[in-house]
Amino acid sequence: MEDSSLIWDDGALVTLDQRGLPHEVRELRLGTVDQIIDAIRTLAIRGAPAIGIAGAFGVVIATRAHTAGGVVDEAAVQAEADRIASARPTAVNLAWAVRRVRAHVARGADAVLAETLDMLAEDGRVNRAAATHAADLAQRLCGERPLRVLTHCNTGRLATSAFGTAIGALRVLADRGAIENVLVDETRPLLQGARLTAWELAEAGIPHRLTIDSAAAWAMATGQVDCVLVGADRITADGAVANKIGTYALALAAHRHGIPFLVVAPESTRDPGTATGADIVVEERAAAEVTGFGGVATAPAGTEAFNPAFDVTPPDLVTAVITENGVVYENGGIPERAPGAEGSGAQEDASDLARMARELYARGWMPGTAGNISVRTGDEALITGSGLSKGQLAVADMVRVRIADSAPLPGQLRKPSAETTIHTAVYRTTDADAVVHVHSPFATTLATLHGSPDARTTLRITDLELIKGLGGADPTAVDLPVFPNWRDVPRIGADIERFLRENPDAPPILCIAGHGITTWGEDLSRARDRAECLEALCELVSRTGRRHAFATPTPSLEIGST
């Protein structure tokens, strides 16, 4: 079982019994649903991806058992699938995998098996991709040198089907000659770190030391750790991480000492349906796991125990979550560019967009799913996806579109923003490399008051110092175009494109009545800065009480010294 921890063999799942490792290496052959469930509950099989795939094989077994004369008893199989999915409640991969394969039950056991085997092969590819992204980020944050990495629990091929997530990243780093030493905490109470991770690292020839859980924070305090790499059992929409008990304490210590805390997991571990960590049900296990070990009591008889299997680390303590799609969540601790790197690749562009969207959401400028931002990449643009909370955007939520016709490229995971045509109109008529479209309150209010429902108006603002920050030719005055808010959004884009072609010297800002503002520049920071200046100008106009009248389609409205 060198390549995979899970093997399908003639109607049964064959795996290593992780309870006996490292001293006893024994195989389990699981041929019934009850055996699969028992193996998951007793931790003979453990690790979120591994129990997910094992659960899927359980559905294969159930489908075979409830098929007679070529007819599947779907109700019976679905009932068995429910039992499997509930075997361990915290790890989302189990429910995800069972849900994925149960959709094939009506087509028979062979169809369920084919989907499960596809999932098994996919898991290995996914793990390698996530591990490589995580290794890249660790080196980006810590430098191109041998690293001292702390890891928790077990995240290798025993916890997945192959290669591993956080341990996979250690393998990649070791192959690059970028590991000085791995500090493995024992992971009480079942010692997955001491029993399993140390065993896997020894097999891989990766230098490591074992420590007690309570020494990990001291190792960080005394400068013995450059980076923390852990896995996850569930990642909520806001970036909270449920993982083996003790993870939260490590995150607190890493945050205190300024050490990157990186979470490596497959996309299947992300749970957008769970809003925050407070919504996660944390499994509690038997007191005997704490009051004794290996069949020997270590506490007085009758001692009660608190034995949660997991804890939840809040997103503000997580430097980044990395999946096969790259960095999908970051907490502001990642530099915009790798040290010494030239330019920005697609991964960095997507990461920059996700980070800025969350920042603008926090300001109240992109409430809910409103607003969108983009960057130009040659003849294409990368834009935030449609219908997604801007406070929770991740790298995978970006969409690549053609500038020429605003159409998304084939294979995109999300729909492009509804305002894509506004962005592409700017790119086709200017040399901008970034566009920001937000609903900042003062600018949107002013545009709403002075816009027209059926024609473009102009709002002239004069004699305010912040005008210089808008990028126009005249530092003392700005003519702010206010476009009508057509229901047909491409019509707005067409109006904007026509205006910019006719007015090539127009400042890189505009408003849409009742809709929001759009600014652009040579990069995201400059486009955002112009949005900030415009919002501040409009706030000054609103707060100074200057007299003004509604604009009309023909003359402009001037706001300035009186």
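Including glycine, each Cβ sits where the backbone N, Cα and C put it.
What TrEMBL says about a protein is an automatic prediction, not a curated fact.
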TrEMBL substrate site partner of ARG46, GLY47, ALA48, ARG88, ASN243, LYS244, selected from GLN139, GLN192, GLN392: GLN192
Whole-number Å value for how far CYS153 (site 'Transition state stabilizer') lies from LYS244 (substrate binding site) (Cα to Cα): 7
Cα proximity to CYS153 (site 'Transition state stabilizer'), best match among recorded positions ARG46, GLY47, GLN192, ASP233, ASN243: GLN192
Local confidence of the prediction over the domain 'Class II aldolase/adducin N-terminal' (351-542), expressed as mean pLDDT: 90
Substrate site, defined by ARG46, GLY47, ALA48, ARG88, GLN192, ASN243, LYS244: further same-chain residues with Cβ within 8 Å of the Cβ centre: ILE51, ALA91, CYS153, ASN154, ALA159, GLY231, ASP233, ALA309, PHE310
List of residues, in chain order, with Cβ under 8 A from that of ALA48 (substrate binding site) and at least 6 apart: ALA91, VAL92, ASN93, LEU94, ALA159, GLY231, ALA232, ASP233, ARG234, ALA265, THR269
